[in-house]
Amino acid sequence: MPTTTSWKLTSLLIFFTFFSCSFSYSFTIINNCPHTIWPGTLSGCPKELQLLGGDQNQRVVGCRSACEAFKTDKYCCSGAFANPNTCQPSYYSTIFKKACPRAYSYAFDDGTSTFTCKANEYDIVFCPNSNGYTLYIISLKFD
């Protein structure tokens, strides 16, 4: 069920991946506005990127980015890799890109993943089911 909220906001970037579980995950985008997302099915997260949680941290509840998992300049596009010439898609970012082709998968993934809209009401869709994945929607209204 979509969640609707009102904000004064000029830009928003959300990036996360959920895996099959029987529980929900709540998070706050900004301004203490809570939302709940129910994980669906998305396979293929490498073990080294898996985020464990749930009962005694035994369930895979998400897939971290390579930057978050390894904290290196190469995967975080920082230091010597802080420009589009040296920061290129990695093996890990291509996993996310394959699952959700229009999703932002690494720092300079602007060509296929940056969109602008003139409206003030949006549905944010996570992994559209046309790719065979569970559909997640958050409806937002910006005042």
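Cβ atoms here come from the backbone N, Cα and C positions, even for glycine.
All annotation found in TrEMBL is predicted automatically rather than curated by experts.
As the structure is a computational prediction, the values presented were derived from the model and not from experiment.
Candidates considered were Cys33, Cys63; TrEMBL assigns the disulfide partner of Cys45 as Cys63.
Each of Cys76, Cys77 is a candidate, yet TrEMBL gives the disulfide link of Cys67 to Cys76.
A 10 Å radius around the C-alpha of Cys76 (disulfide bond) takes in these disulfide-bonded residues out of Cys45, Cys63, Cys87, in sequence order: Cys87.
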